[in-house]
Amino acid sequence: MKVRSVAAVSLRALQQQQQQQQEGRRDRWSRSREQQIEKKAAAAENRKALEGSNLMDIRSISHILETKQQQQQQQQQQQQQEQQQQQEQQQQQEQQQQQEQQQQEQQEQPWLVPLLPYRESAAAAAAGCTYTSTSAYTADTAAIKVLNPGEDALLLFAAANQKLLQQVIKTNG
């Protein structure tokens, strides 16, 4: 009986030990399962938090990029406007210079009309005509006075200055 009781005690002890091991395994398994669930939940929360922060970062970055693009476009428009203004100013200055130059030329010799060179008038003349001087333009450049053979060069005056024309005719015959 003693052997039976020792065997029964050792069997109970072995069963208890196995039971404890199984419970320990279950506890460890359930703890590890709980830990895995907690880790997954924490990872999901972290992902959500990261996604939210990434979205915020993306939104803020896109906003920054949009504002930079707008600023660049505004700068380009301003530069274009400045260039246009500079071009307009240059054109105005050139026009003013041309007008001033024309006024100076008119003030220097308002009555003298440019003469057409002899070679050009001879080339335009009929064959066999000889000229002693050049053809002269009137104020209207479409009307050309061609000198006949034997005539001297003529200076024609602009009709706008009648008094000066009459003076020259009186003094020079």
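A Cβ is built for glycine as well, from the same backbone N, Cα and C atoms used for every other residue.
Listed in TrEMBL:
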| type | residues | note |
| --- | --- | --- |
| COMPBIAS | 23-50 | compositional bias 'Basic and acidic residues' |
| COMPBIAS | 69-105 | compositional bias 'Low complexity' |
| REGION | 1-54 | region 'Disordered' |
| REGION | 66-105 | region 'Disordered' |
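When the compositional bias 'Basic and acidic residues' (23-50) is classified with DSSP, helix, strand and coil residues number 28 helix, 0 strand, 0 coil.
When DSSP labels each residue, the region 'Disordered' (66-105) comes out as 40 helix, 0 strand, 0 coil, counted as helix, strand and coil in that order.
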